[in-house]
């Protein structure tokens, strides 16, 4: 049957369902998918083309690049306005700090919650669940008061990193991953007299690469794209991550510029590129099995 | 710890008997109290300390601020911040701007949430079939989700401004005033933007739910002569109900957190406050105008409302 709803691996060759009918439907569903892909990808294409045009052209013809109109002028312009290098370094430190803290402490917590029995495990897990439902908007004011006012951490990397340092979703991913590993492996090591630290360093950590990949992607995109919190904490342009300095350019500087879109789009490309590139690399490296099941049917 | 309790319990109890042999002697006694691997507590303690400092304490502090006359003072200065009961709540709830922001977010949710649920379920269903370019489509749908709002806001500003490509393509049908400066269209445009940006995540969520729908259900329905539309409504939709609840709740929470889009797309909640979201108002009231107590009260009200809406979704989906 050529049922569009059935999971890919349960499908069988076309049977007694009416062929012409289901073919028409299949074409319809393909068209919907293509229209969707166009709607999702076109803005990115337009972002890139617009950033390379000396004079951004908003007419339909402007969607197709003309060699005469292409230049890197917009990138130079946004660089002189917000100092791309400095902003990228700030974004990198913010993101790097979050990745390191999340990986180290998230792995420890996820491993313990999955594989160890200790007092307080149940309540720890309940707390992890509670954190997931506390929305950031409720914490915005108290965190600002504590971090910026009481601890004086405005315009500092620690102040930017702190509320994001350990990502709770990463704790979940690590826990889920370690739960899947066979219990026998851990029991055997314990019977052989291995200590818990030895088991962690010799068995658990070497095995956790697949979970690490999704954790790194998750803890990269979160802080790299974050706007609200670093916007609240940083007033000095020297300390602002790229998302904040570009947003400030959009909301203030651009109104004074004659044709601001070229520079905005150039900044947007620089901000978007690392996250998209990282996702594409991870996507091709870690979902190849997915691809197989889709192509073999 | 007292050991008598364990000694009395152990000999006769069924639990003790079922335990493995290693549970005897000095070690098990400690293990009953601290667990078999007490080192686990050391492993989770950095994370627990972090949660206490960054979530639990600020959570309580937020509620505390909302019941006190709280204002910013010079660091280290001893100031009196008296308890004021519900005064912050009454001043917030009698403020038309606050009501306006909740009304704005209601407009946002009414458009964004159904659109998100319908579009992500339809696209996930279409994706969940044998498809040559399946990975391409899934990647394409996910790209907006992993890109910074600030970056895609730049393109949307370019696409939807008065002389933008969208209006040029629409020609005489283009709205006047244009999308983001039109007080009737600005919030719907933002709702569309957020749906577009988040859809990839919800598609992936629905895809994993669809993988668990047994294929036999469709096969037997096909034998009974059910059409594709019929199968979608009577098999797919009920089978992914749990995922739908999750999508509804997450889309609502995302919508309630709205800040970046009205701040940048409509330059700070314009036109005429038509897109001011509660979180944007919290920023303006609390941090720009120096009334963190009122901002905290808005935050508490918002969270109570979102929790209420989530419970309504749950009752509605678990009705039959």
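Backbone N, Cα and C atoms are what each Cβ position is placed from, and that goes for glycine too.
The stretch that TrEMBL tags with transmembrane segment, taken from the ranges B:105-127, B:266-288, is B:105-127. In TrEMBL, the annotation transmembrane segment applies to B:231-253, one of the ranges B:162-184, B:231-253. Counting residues 6+ beyond its ends, the transmembrane segment (B:231-253) has Cβ neighbours under 8 Å at 109, 112-113, 116-117, 120-121, 125, 198, 202, 205-206, 208-210, 212-213, 217-218, 221-222, 306, 309-310, 313-314, 317 in the same chain. Within its own chain, the transmembrane segment (B:139-159) has Cβ neighbours under 8 Å at 123, 127, 165-166, 180, 193, 196-201, 203-204, 260-261, 264-265, counting only residues six or more beyond its boundaries.
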